[in-house]
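> As annotated in Swiss-Prot:
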BINDING   G134, W135, N136, G137, S138, G139, K140, S141  ATP binding site
DOMAIN    121-351  domain 'Helicase ATP-binding'
DOMAIN    390-584  domain 'Helicase C-terminal'
MOTIF     87-117  motif 'Q motif'
MOTIF     261-264  motif 'DEAD box'
Amino acid sequence: MKCCPASILDRFNAIKVINVMGLRLNGRSVPWLLQTRKFINITSPRYTAGRPVILNENQLIRYLPNYTNKGDEEVTRRKKLHEPNGPKFHELPLNQNILDGLSTNFAEYKNSTPLQQRIINALMKSGVSFIVRGWNGSGKSFGAMLSTLSMYFEALKFLKHNPVAGKPVQSGCQVLFIVPNDNLAAQYQFWIERLLHGITEKEELQHIYKILTLTPASLDSFQNRPPYIGITTFPNLQHCIKKNQPILKQFTSQLQLLIVDESDLVIPDHGRSRRLSSPEILADKIFLSSFIQLCKKNLRINMDDENVGGMGIHSQLHGKGSIPTMVFMSASNSKNGVNYLSRYITDQLGIIGIDRKHQWYWNLTSTPSVFHYLIKAQAEPKTTKVTLTNLPYEFVRFNNSMHSIGDNNFSYNNSEAVLQIFAQSVPRILNIEAKKSKLENNILKCVMIVLPKEFNPHSFCNQYKGFAVGNRFWQCRTLSTESLNFSTNLNNVVFVANPSEIRGLHLPSITHIFHLWSTFSGVAYQHIAGRLGAMGQTGKIFNFIIPDYYKSNDFKKTDFRRCILFMLQRVGIRPKSYEFDDEHF
């Protein structure tokens, strides 16, 4: 999408975000910008509001009445034409230790994704704060983690040739990851330990990274032995700010790089009001601004060259100022977020993928190997039998009343009856999928159940211990940090979670998701469905609708099928018709 003409931008906002075609800012040349244009899109935001949903011609083909599977092949072909695989990791500016760890411990990842290429180059070369919008499973978190670990080993290399500079840990926490939940923090921990297995000693890991929790032991460890990379969650950091914990001054005064994962949950842009009704846990509205102000207050502006060089981070992060270099990553970032961040980042702000919001190869449709289904479940009167039927597809035109309904969540009248219907539906689909996997020579390993926020996953697992399907028993397990397993060898497990617990997670053993539809938020569905299809993997997501127990007054006045199809349409999804080959359906 093209930027708006410069004439409609006021001077104050225009200087905040550099236009990629311009080479001067306030009369000063920025020659380093020419070196970054290939991997980071630095452009001006569009200052408009209330834009309707835009569907280009490639998107519209998926909604035409005469749409066929041949159209899928065309979409896939054009996707590959526009966004091929990124370069191999050894072609990117990563430290050799990181490349060795990738080839040894992540052998399944041969090539980077186009988005990883942009993130790694921007972090390692430009030193510019930037905001990223990329499809789910595009490797945003993994690419950022590789870059920060590479910075650590570059610091060690510097110290080897400059022993007078001192140890890296003496300068405190240099990089801070902020994530929405403990599960995503555990995933970062798993990635780091797996990547560095056989490369660093186990004792050295505590100097490289630590997870900040609210326990006294964790706070003391951060205070006295700060790591190079800190990882914490929105709630934990928010609690530290409210309680004015002494540790805040310790690491904000040394912080050089701040990476906010799933940043749309903390940026109070205009889309936040729409997400307030979604099942995700949002951070406090002033959380981000409070933390940035804290960094401004505590960060040492006049850092001597020995300390900065000793960490080796100044060579990567050119921008030395009153706030650290900041990176914001999410599949739901928008230009409103760019406008908000421009209040604090007043020199240069890069954007990656923001202009591609409505491009079909930059969203959920970028993973054509993931199939979406919409199934209505109903209990027959006076019996316990459940009937499953496909909801027929139709193109839904834009309608303001449906738009408002689509942004409101709804709940159920009888949660116990709803769970009984849902618990009967899941094993029946599993039975069909197990038969198909044998015929197609695919292994059906693990699945995930996503319940509305009013349902408790622990209660579900206690009530339904598991599902017997054929000669296999699928054990129900909550998605807690104690039970998380990022191995690809896990089998016969049903992970049960709420939407707020799965943000950003990549569990490679999961191939199917069973989602009990409870919200019309396109943002929420995008992140639920995004748990599949990472790095080109295949998968299926089954959306179950149980309309007999909806209690929303708005929903009773409106065709629920059209509302749900409208929300799927907003994220570029056309559900397929599922083939029920079981006679009981």
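Using the three backbone atoms N, Cα and C, a Cβ is placed for every residue, glycine included.
Show me how these features fit into the structure around them.
Packing around G137 (ATP binding site) is summarised by its Cβ count: 24 other Cβ atoms lie within 10 angstroms of its Cβ, all protein chains included.
In this model, the domain 'Helicase ATP-binding' (121-351) carries an average pLDDT of 78.
Counting residues 6+ beyond its ends, the motif 'DEAD box' (261-264) has Cβ neighbours under 8 Å at 131, 140-141, 144, 177-180, 184, 271-272, 275, 328-330, 332-334, 337, 503-504, 523, 527 in the same chain.
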> Which chain-mates of S141 (ATP binding site) that are at least 6 residues away have a CB under 8 A from its CB, listed by sequence?
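For S141 (ATP binding site), the qualifying residues are L184, Q187, Y188, D261, M329, G504.
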